[in-house]
Amino acid sequence: MADKRDYYEVLGVDKNASDAELKKAYRNLAKKYHPDVNPGDTTAEAKFKEVNEAYEILSDSQKRSRYDQFGHAGTDPNGFGGAGGFSTDFDFGGIGDIFETFFGGSGFGGRSKTRRGPQKGADIKYSTEISFEEAAFGVEREINVSKMEVCSKCTGSGAKPGSNVTTCNHCNGTGQVQIKQNTPFGQFINTKTCDACKGEGKIITEPCPACNGKGRLRSTKKIKIDIPAGIDDGQTISLRGGGDPGVKGGPNGDLYVNIRVKPHPLFTRQGNNVVCEVPITFTQAALGAELEVPTLDGKVKYTVPEGTQTGSVFRLKGKGIPYLRGNGRGDQYVKVNIEVPKKLNDKQKALLREFAEISGDDSHEQRKGFFDKMKDAFK
């Protein structure tokens with residue numbers, strides 16, 4: 001025991017090193033000293049064994065705890081540490097990754113990929129455009145989706161109807177073959193997908209002419225979707241099972257429909273509220289007026305009070321967008337913009353001049369306040 005180096009020193013890590021730090025150090029050293037990288041180098045081989053021994057202990061929480069308490073004696077199967085010391089068996093969870101690097105595939109059977117079983121079909125993404133009103137109140141839409149369908153001729157088998165499907169004699173129907181490799185540490189078995197049957201375990205002697213042996217065909221299918229009221233631009237509707245069919249009995253993929261909403265010439269959307277800008281004349285603003293205001297439900301009458309200022313906003317309760325998941329609707333906000341005429345006839349100009357002479361500043365509170373502040377600022 002006295003000749004053994006400290007395991008943490010062997011791996012070049014601190015005693016408080018995390019599992020990830022241990023694994024990283026181990027991988028780097030194992031690659032550095034691996035016998036296949038250093039053929040005939042007995043020093044490198046000894047280092048490699050030392051690194052594996054250190055990692056075998058420190059990667060196991062119970063063994064590491066005994067080592068931290070009792071040192072090498074705690075890992076000696078003949079000492080008071082009990083069973084669990086170093087043996088020639090490697091920790092497959094760690095060294096298996098190293099052998100993948102040098103030999104490819106999976107050197108240990110327990111980590112090999114199994115033959116492919118049922119697989120979910122591919123998901124399909126689709127985009128459709130709807131109007132502002134359709135987004136507000138919902139709509140049923142029929143879309144044409146390009147998707148894979150099970151071949152009706154061979155019912156998905158890929159074989160010509162009436163032909164024979166034989167078991168692959170390369171893998172005996174397992175879909176996998178094993179390759180034995182001799183290494184300085186013994187014989188390792190690498191499991192890989194059978195090239196002859198591509199992992200299917202069967203050989204189709206006469207492929208289906210309709211689908212070229214694939215068992216599926218691409219086609220365009222009409223699908224009806226219900227777009228709910230209140231949906232917003234950029235939101236997605238999912239239809240479970242609306243995607244491509246599964247493989248080997250697996251479930252169908254899903255269909256995801258992205259909704260794009262066309263801009264409206266009058267309305268803009270803010271959450272579940274609708275904003276509309278309405279132009280009025282300066283006489284309507286000054287005297288007040290009954291206006292026809294467009295809403296999603298049609299035109300409604302609304303009276304703006306006298307003295308309305310440009311930029312004033314009025315609320316029409318419950319005239320907005322329906323809530324997507326719940327009752328009720330948002331509101332509509334009407335923003336008033338006062339339009340000043342660009343052309344006036346002589347009579348109109350004369351009347352306005354007369355109005356200006358008799359109005360004074362008392363009827364223009366904002367203007368009067370502004371000039372009062374300006375006088376104070378430049379005293």
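From the backbone N, Cα and C atoms, a Cβ is placed for every residue, glycine too.
The Zn(2+) 1 binding site feature in Swiss-Prot is assigned to Cys151, Cys154, Cys208, Cys211. For Cys168, Cys171, Cys194, Cys197, the entry in Swiss-Prot reads Zn(2+) 2 binding site. Annotation comment: Swiss-Prot describes 6-71 as domain 'J'. Positions annotated as repeat 'CXXCXGXG motif' by Swiss-Prot: 151-158, 168-175, 194-201, 208-215. For 138-220, the entry in Swiss-Prot reads zinc finger, with the evidence type sequence analysis.
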- prompt: List, in sequence order, the same-chain residues at least six positions removed whose CB sits under 8 Å from that of Cys168 (Zn(2+) 2 binding site)?
  reply: Gly175, Cys194, Ala196, Cys197, Glu200, Gly201, Lys202, Ile203
Query: Between the stretches 151-158, 168-175, 194-201, which wins on the count of C-beta pairs under 8 angstroms to the repeat 'CXXCXGXG motif' (208-215)?
result: 151-158
Task: Output, ordered by sequence, the same-chain residues six or more apart from Cys211 (Zn(2+) 1 binding site) with a CB under 8 Å from its CB, or 'none'.
output: Cys151, Lys153, Cys154, Gly158, Leu217
Message: What residues elsewhere in the chain lie close to the repeat 'CXXCXGXG motif' (194-201), defined as a C-beta under 8 angstroms and at least 6 residues from its ends?
response: 115-116, 167-168, 170-171, 173-177
- request: Sort out the sequence-distant neighbours of Cys208 (Zn(2+) 1 binding site) for me: same chain, 6+ apart, CB within less than 8 Å of its CB, listed by position.
  value: Cys151, Lys153, Cys154, Ser157, Gly158, Ala159, Lys160, Pro161, Gly215
Message: With Cβ-Cβ distance below 8 Å and at least 6 positions apart along the chain, what are the contacts of Cys171 (Zn(2+) 2 binding site)? List them in sequence order.
response: Val177, Cys194, Ala196, Cys197, Gly201
Field: Helix-strand-coil residue split for the repeat 'CXXCXGXG motif' (168-175), DSSP-based
entry: 0 helix, 0 strand, 8 coil
Statement: DSSP composition of the repeat 'CXXCXGXG motif' (194-201), residue counts helix/strand/coil, works out to 0 helix, 0 strand, 8 coil
- request: Please work out the helix, strand and coil residue numbers for the repeat 'CXXCXGXG motif' (208-215) from the DSSP assignment.
  value: 0 helix, 0 strand, 8 coil
Field: Cβ packing number for Cys151 (Zn(2+) 1 binding site), 10 Å threshold
entry: 19
Additional residues around Zn(2+) 1, ordered along the sequence, whose Cβ is within 8 Å of the centroid of Cys151, Cys154, Cys208, Cys211: Ser152, Lys153, Thr155, Gly156, Ser157, Gly158, Ala159, Lys160, Pro207, Pro209, Ala210, Asn212, Gly213, Lys214, Gly215, Arg216, Leu217
- request: Within 10 Å of each Cβ, count the other Cβ atoms, then let me know which of the binding-site residues Cys154, Cys194, Cys197 comes out lowest.
  value: Cys194
- request: Determine how many residues of the repeat 'CXXCXGXG motif' (151-158) DSSP places in helix, in strand and in coil.
  value: 0 helix, 0 strand, 8 coil
- request: Taking the recorded Zn(2+) 2 site as Cys168, Cys171, Cys194, Cys197, identify the other residues of that chain whose CB atom sits within 8 Å of the mean position of the site's CB atoms, giving them in sequence order.
  value: Asn169, His170, Asn172, Gly173, Thr174, Gly175, Gln176, Val177, Asp195, Ala196, Lys198, Gly199, Glu200, Gly201, Lys202, Ile203
Statement: Taking DSSP helix as H, G and I and strand as E and B, the domain 'J' (6-71) has 48 helix, 0 strand, 18 coil
